[in-house]
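Undergrad: Please read through the structure below; I'll follow up with questions.
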Amino acid sequence: MSFCKWFSFLLIIHLLNSSQLSSSSSLTSNGFSQIPPKFLALAKRNDFYDWMVGIRRRIHENPELGYEEVETSRLVRTELEKMGVSYKYPVAVTGVVGYVGTGQAPFVALRADMDALSMQEMVEWEHKSKIPGKMHACGHDAHTTMLLGAAKLLKEHQEELQGTVILVFQPAEEGGGGAKKIVEAGMLEDVSAIFGLHVTNQLGLGLVSSREGPLLAGSGFFEAKISGKGGHAALPQHAIDPLLAASNIIISLQHLVSREADPLDSQVVTVAKFEGGGAFNVIPDSVTIGGTFRAFSAKSFTQLKKRIEQVITRQASVHMCNATVDFLQEQKPFFPPTVNDKGLHMFFKNVSGDMLGTKNYLEMQPLMGSEDFSFYQESMPGHFSFVGMQNEAHSPMASPHSPYFEVNEEVLPYGASLHASMATRYLLDLKTSSPSNSRDEL
C-alpha cells in the first residue's frame, strides 16, 4: 500500500471519533454503524427527496420496454453527467454502467432495472403513463431513481470510498435477461459482490426483508401450437378439434406438480395464454397456448421442461392433433434461481439493522417469482432484498404487474440510502475484516 493510501485509510479510522452530521461531514464520524442512518437522513432532505420524486415521475410518464430504454438511459446519463460520475454506454444494448470512487479495486456493484411492462395503466393521476399500452407496473422507475440517488450520495462522499462502486442501470429484466447480457459484456469481471433490491407493497414503509440461500425460483416460458382440422361447429365429426386437445393439455400439465413433484420441492406450471378461434360456430385449425414454469433446483427445472414438452405433444396426439413446443430461449432466456450468499446476507442484516433497527428486518419465505439478478449471482457473490413501501394508514396497495400498481414515493430515500450504505460499508469492511464471499450452492 502506498504512503498516500495508507495515510488515507488511517484518516478514515481517525474520523470514526470526530465530526457532527451535516451534508458534508464524514459519514464514518461515529463508527461504521452510523453510516446507514446518516445516509438516510441525507436522502430525506427536502431538496434531495424532491429531486428523486421528479426523476421517478419523468421515468414513469415515459415507460419503455426491454432493450428499448433509449430515453430512460438518456435521462440516467444526463443525471450522472451533472454529478460528475463517469459511465460507459451503451452496455447490453441500452444499459448504462457508472463508476464512483477511487477507480481501483476492490469493486462492489449496485444494480437497478429500467424496463417497463406491456400493459395499460389504469391509475388516474397527474403523472400517468403517456405511452398507450406501456406502464411501469413493477417499480423499475423507482429502482432506477433509487440508484441515481445512491450515486449522488456516493459522489458527495467519494473521498471516503475505499474502492470503486459500479452502478449498473440494467435493461430488460422483464423476461429479456438483461442481466445475462451485462455479465456477458464483461463489465463486472473484477467485482467482489453485487447488491440489488426491489420495492414491495407486502411490507410497511421502513421495513426490509430477505433471506439467506434460495430466495426466488428459476423460471422459464413455453409456447405451444396445437394443430388440428377446422370445420363447422355443428359438424364436429368432420373436424379435428384443437380446442378440446388444448383444454386437456392444460389439465394434464397441472398434474406435473400435483402428482409428479415432491410436495416439499416447490414447483409451478401455469398456462396463462390461450388463443384460438374467432367465431362462435367455427372449429379453428389451430390453437396456441403459453405459460411459465418455476422451480428452485436445476434438477426439478430440467425435469419440468422435459415433461411439459412430453405432455403437450403426446396429449395432442391422443386427440389426433399435432403440437410443437417452443421454450423461447432466444427472446426469454431461462432465469436461474436467485440464491443469496450467506456472508452477504449477514452483512445486509447488519447494515439494514443499523439503518432501520433490527426489529424492522423481517425474514421472508422463498417466493416462486423470479429475477434475472440471478445471472449476476452465477458469476459473483450477490444479495437481493425487498424494501417496503406500504403506508399502513392507507388501503392496501396493488401488487406488481397490476394495471393499478402504484409506488409510495416515500420509499425512495430508503432505497437510495440502503444502496449507498451497502456499497460504502462493504468497501470499508474489506479494509478491516472482509465479509464472506463464499459461493453457496442451491
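Just so you know, glycine gets a Cβ as well, placed from its N, Cα and C.
Small disclaimer: the values here were computed from a predicted structure and weren't measured.
What TrEMBL records for this protein is below:
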- 1-18: signal peptide (SIGNAL)
- C138, H140, E174, H198, H401: Mn(2+) binding site (BINDING)
- 218-316: domain 'Peptidase M20 dimerisation' (DOMAIN)
Undergrad: If you run through the domain 'Peptidase M20 dimerisation' (218-316) with DSSP, how many residues end up as helix, strand and coil?
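TA: Counting residues by DSSP class gives 39 helix, 35 strand, 25 coil.
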Undergrad: Find the average pLDDT over the domain 'Peptidase M20 dimerisation' (218-316) in the predicted model and report it.
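TA: Summarising the domain 'Peptidase M20 dimerisation' (218-316) by its mean pLDDT gives 97.
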Undergrad: Give the sequence-ordered list of residues that share a chain with H198 (Mn(2+) binding site), lie 6 or more positions from it, and have CB atoms under 8 Å from its CB.
TA: G139, H143, E371, F384, S385, F386, V387
Undergrad: Take the Cβ of C138 (Mn(2+) binding site) and count every other Cβ within 10 Å, whichever protein chain it belongs to.
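TA: Its Cβ has 22 other Cβ atoms within 10 Å.
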Undergrad: Find, among the binding-site residues listed as H140, H401, the one whose Cβ has the highest number of other Cβ atoms within 10 Å in the structure shown.
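TA: Max Cβ neighbours within 10 Å, all protein chains included: H140.
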Undergrad: Taking the recorded Mn(2+) site as C138, H140, E174, H198, H401, identify the other residues of that chain whose CB atom sits within 8 Å of the mean position of the site's CB atoms, giving them in sequence order.
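TA: Neighbours found: D113, D115, L117, H136, A137, G139, E173, P400.
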Undergrad: Among all the protein chains here, how many other CB atoms are within 10 A of the CB of E174 (Mn(2+) binding site)?
TA: 20
